[in-house]
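Trainee: Below are the structure tokens for one structure; questions will follow.
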Ligand code: NAD
């Protein structure tokens, strides 16, 4: 297969961690007989430095012409970087919001995996984390409360603020289908999270999810109220496979789930649209405090590249090989500084990439 992959190296540690993910992708392609054509794209601070804006129309067009985009992270230190002296809509993060919108990326996927070897970093009790856990949070990204009408008015001398939470059935159906498709590639369980005991938008959410579920008889579906889900994530995280939820609930629950896994350097993510196209990136930021030191953990970006192979190219065996290589390297005791613990072997960004590549 020929894979046309857009690459946004980005700012801070972005170029260092993306280079390692490309190293692992190249090795995987060589082993499994694929060819990769990379298209380098500028976004964020790197684009401001060249074009004066964080994203150009030409970059959007070139990203759209790729099968998928792999991204590092963008942004700098808000206190010291000249990028933050620009108007808000010219700053690095504005480019990220714009490209997500331009590519219609409505589904955000955040895996939360606790590796047995890293469970020391997990704040939960050992009896809860025994054996690790592996869940995928699918959050709706372009609707709901964050995109509804809002206003603040004075009513009878009292300041009053309104935010509206709107979903239509089409928006719910398209993300529900993606969640069920992804569950079919995993342990075939979807937990749909809502607040259907109070909100109309949640009652519609629940009924559309139940309609979609009829087309996936092999997937078990359960409904869970968001307050209960927040508790269950720390009480019994092993029960979850795919968690499907709307924008604001997903914002909060995905951060909670990532916190219980420990290190930010391990957390992959993907944003998908209606086609096979996706933007794949680590959950963390550009970490300006460690940029250029060769110590950043590249694993989140490498695991994001594995997600790209699985979800944009349906190359499941190749994605499995990368995930297994990461697990093997951790089992053998290799660690970057952020996940280092006593008795383990510390390596830098590029050595970690080499170790993982060598095990594909
Ligand atoms: P951050 O995630 O960059 O850093 C938080 C802490 O985690 C830092 O101590 C950092 O060293 C550490 N860290 C992050 N990734 C790591 C890795 N791979 N290996 C080892 N340690 C790692 O968050 P921040 O400091 O709040 O933000 C820095 C910049 O990143 C800001 O400009 C912010 O806007 C931007 N940001 C970008 C994205 C994105 O590109 N999607 C996401 C979040 C933040």
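Each residue, glycine too, has its Cβ placed from N, Cα and C.
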Trainee: Of the candidates 62, 139, 150, 188, which does TrEMBL annotate as part of the substrate site that also includes 100, 110, 227?
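Mentor: Matched candidate out of 62, 139, 150, 188, per TrEMBL for substrate with 100, 110, 227: 139.
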Trainee: So around the Mg(2+) site, 227, 251, 255 aside, which residues have their CB within 8 A of the centroid of those CB atoms?
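Mentor: In sequence order, the nearby non-listed residues are 226, 230, 248, 249, 250, 252, 253, 254, 256.
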Trainee: In the structure shown, which of the binding-site residues 227, 251, 289 has the fewest Cβ neighbours within 10 Å?
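Mentor: Each of the binding-site residues 227, 251, 289 was scored; lowest Cβ tally within 10 Å is 289.
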Trainee: Tell me whether residue 139 (substrate binding site) sits in a helix, a strand or coil according to DSSP.
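Mentor: Assignment for residue 139 (substrate binding site) reads strand.
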Trainee: In whole Å, how far is residue 297 (NAD(+) binding site) from residue 110 (substrate binding site) when you measure between their Cα atoms?
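Mentor: Per the Cα atoms, residue 110 (substrate binding site) and residue 297 (NAD(+) binding site) stand 18 Å apart.
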